[in-house]
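*Asks:* Pasting a structure here, questions to come.
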Amino acid sequence: MATLLNPEKANNDIITSENHIARLEASSKSGLKLDKQGLPLIPQPSDHPDDPLTFSRWFKVYIAVLVSGLAFMAQLGSALINPAFRQMAKDLHVTVEQASYSTTVFILFGGVLSMFIVPFANVYGRRICYIIFIIIAVAGAFISAAAPTYGGVITGRVFNGIGGSVPLGIGAATICDLFSQGERGLYMGFYTLAVTNGPHIAPIAGGYIAEKLGWRWCFWIPGIIQAAMWFVLLFTLPETLYSRKDYSTLERKTYSQKLLFHGKILERKVHPRDFLGSLRMARYAAVLLPSIWYMTANTYGSALYAVTSSQLAATVFHFDLEQTGLFMGVPLSIGCVIGEATAGWVSDAILNAYAKRHNGYRKPEVRLYLIPLTTLLAVGTATYGYCIQTRKHWIDASVCMAISGLGTQVGTTMVYTYATDSYKPQSGEIGAVINLFKSIFAFNIGFYALPFGMKAGFDAAFSTLAAINLVLLLPLVLLVWKGEEIREWQGAPKDHADI
């Protein structure tokens, strides 16, 4: 086949149409590994048994499901308490707003800490980070559940957020370790659906748990489930960190031996400058612009409902605790599931169709063709505010939430796949940047969402937030046409380009 990539360069460089064609001409006789459609796999799998790209299909799917499950439980645990803020505030003698900080502190620490984990994950491996931090998350959940004071609950939530930062920060990197570019969208979609829908499923269960068992079980239950998952990953999760240049410390070890702690997986140093590696990735337009838009998408398409719906469901629709949980969770969950049904696999299909027409070249900007669907986020959020302000039926408000959830989920998958396709070796740092932007921006929503709505009117307030999201979508539209040129002009990051 004449349309083939050079195996070594395909793993390391930014790929643009010009240098891609040059490679095809220079490597027409090289024996590359192809996918089912006859297109070159990027990155090229090696013949080494430790290369996660060579794992069996079902084993890779299992790992992706496990990592997505860990991310889902981190997000579920963060928001399970949301419908019970009133109950919690009464028992601890604090305000409902203060009770809501138990969620926002999780969001903040879960976003910031992931930046400091990535440098270790790129040297000591992904596996040990999951093992250490998931058990910290479990401890934090149990501390919050048992704490007799408000301060104790918040302290536990800090550690819960720190532990939850790992699957939220390096989960995308693990998916990139396992799957080549042409199939990555589908599995990244599973992961992002877990990340997005965790906070949406949480209030559905949280309302019933708080009503029947008490609000403290909103901490006990996720902690118990995470503890069970910790034992599963301890005995089954393999190391997915793999260098396409250097040997690892796992050479010539059995599978059971590889599950033990080996110190460094790759023989390289962790430098102080590495802890700024995630922030350095923010200088690249293909990372910065999607991250800025996504922080508003997650906040105004998901977190906004989490911090306001408990109050609005009680005052506008006069729902009880169980009904509030259903109202907060069901519409957004349905919207996100529908959104993912039109996101990950569709993104892969569009990308591969483009590659067939362009000599096997998979242009990352093709992932951005999903942009029109993301505008549904703003439509849903604006019309939801109108329904609240004019006291429309709760069904009307629920439909608007579902529409917003659909746009949010499509945008989440689009952002993660586009940014990691652009700079796959730095996918860990990219995941940390996205998580940082998202968490810090969402952290503040609890301070201004309800006051803004009550002062300006929820129709005007939510329409304003929706407009902000739409305006920040315009730079992504620019990337559709100029993204490739910008990436080529900015050059490729040199940090651990062999991963």
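Each residue, glycine too, has its Cβ placed from N, Cα and C.
As listed in TrEMBL for this protein:
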type: DOMAIN; residues: 63-484; note: domain 'Major facilitator superfamily (MFS) profile'
type: TRANSMEM; residues: 61-81; note: transmembrane segment
type: TRANSMEM; residues: 101-121; note: transmembrane segment
type: TRANSMEM; residues: 128-147; note: transmembrane segment
type: TRANSMEM; residues: 159-179; note: transmembrane segment
type: TRANSMEM; residues: 186-208; note: transmembrane segment
type: TRANSMEM; residues: 214-237; note: transmembrane segment
type: TRANSMEM; residues: 284-306; note: transmembrane segment
type: TRANSMEM; residues: 326-347; note: transmembrane segment
type: TRANSMEM; residues: 368-388; note: transmembrane segment
type: TRANSMEM; residues: 394-418; note: transmembrane segment
type: TRANSMEM; residues: 430-450; note: transmembrane segment
type: TRANSMEM; residues: 462-481; note: transmembrane segment
*Asks:* Which one, 101-121, 128-147, 159-179, 186-208, 394-418, has the most C-beta pairs under 8 Å toward the transmembrane segment (284-306)?
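*Replies:* Most contacts with the transmembrane segment (284-306): 394-418.
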*Asks:* Which residues, given as numbers and ranges, are at least 6 beyond the ends of the transmembrane segment (326-347) yet have a Cβ under 8 Å from it?
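*Replies:* Cβ under 8 Å, 6 or more out: 82-83, 185-190, 192-193, 196-197, 200-205, 207, 302, 305-306, 309-310, 313, 317, 319, 367, 369-370, 373, 380, 394, 398-399, 401-410, 413-414, 417.
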*Asks:* Might you confirm whether the transmembrane segment (159-179) is in contact with the transmembrane segment (430-450), defined here as three or more C-beta pairs under 8 A between residues 6 or more apart in sequence?
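*Replies:* Result for the transmembrane segment (430-450) with the transmembrane segment (159-179) is yes.
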*Asks:* Looking at 159-179, 394-418, 462-481, which one has the highest count of Cβ pairs under 8 angstroms to the transmembrane segment (368-388)?
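*Replies:* Against the transmembrane segment (368-388), the leading stretch is 394-418.
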*Asks:* At a Cβ cut-off of 8 Å, and with pairs 6 or more apart in sequence only, do we get at least 3 pairs between the transmembrane segment (159-179) and the transmembrane segment (61-81), yes or no?
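*Replies:* Yes, the stretches contact each other.
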*Asks:* Counting only residues 6 or more past its boundaries, what in the same chain has a CB within less than 8 Å of a CB in the transmembrane segment (61-81)?
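*Replies:* Residues packing against the transmembrane segment (61-81) from afar: 52, 55, 88, 102-103, 106-107, 110, 130, 134, 137, 141, 160-161, 163-164, 166-168, 171, 174-175, 178-179, 187, 190-191, 193-199, 201-203, 205-206, 209-210, 215, 218-219, 221-223, 225-226, 229, 232-233, 236-238, 240, 306.
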*Asks:* Which of 101-121, 128-147, 186-208, 394-418, 462-481 shares the most C-beta pairs under 8 angstroms with the transmembrane segment (214-237)?
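*Replies:* Comparing 101-121, 128-147, 186-208, 394-418, 462-481: 128-147 has the most Cβ pairs near the transmembrane segment (214-237).
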*Asks:* Taking all residues of the domain 'Major facilitator superfamily (MFS) profile' (63-484) together, what is their mean pLDDT?
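*Replies:* That region's mean pLDDT is 90.
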*Asks:* Within the same chain, where does the transmembrane segment (462-481) have neighbours whose Cβ lies under 8 angstroms from its own Cβ atoms, ignoring anything closer than 6 residues to its ends? I mean 6 or more beyond.
*Replies:* 285-286, 289-290, 292-293, 296-297, 300-301, 304, 365, 368-369, 371, 374-375, 377-379, 381-382, 384-386, 388, 452-453, 456
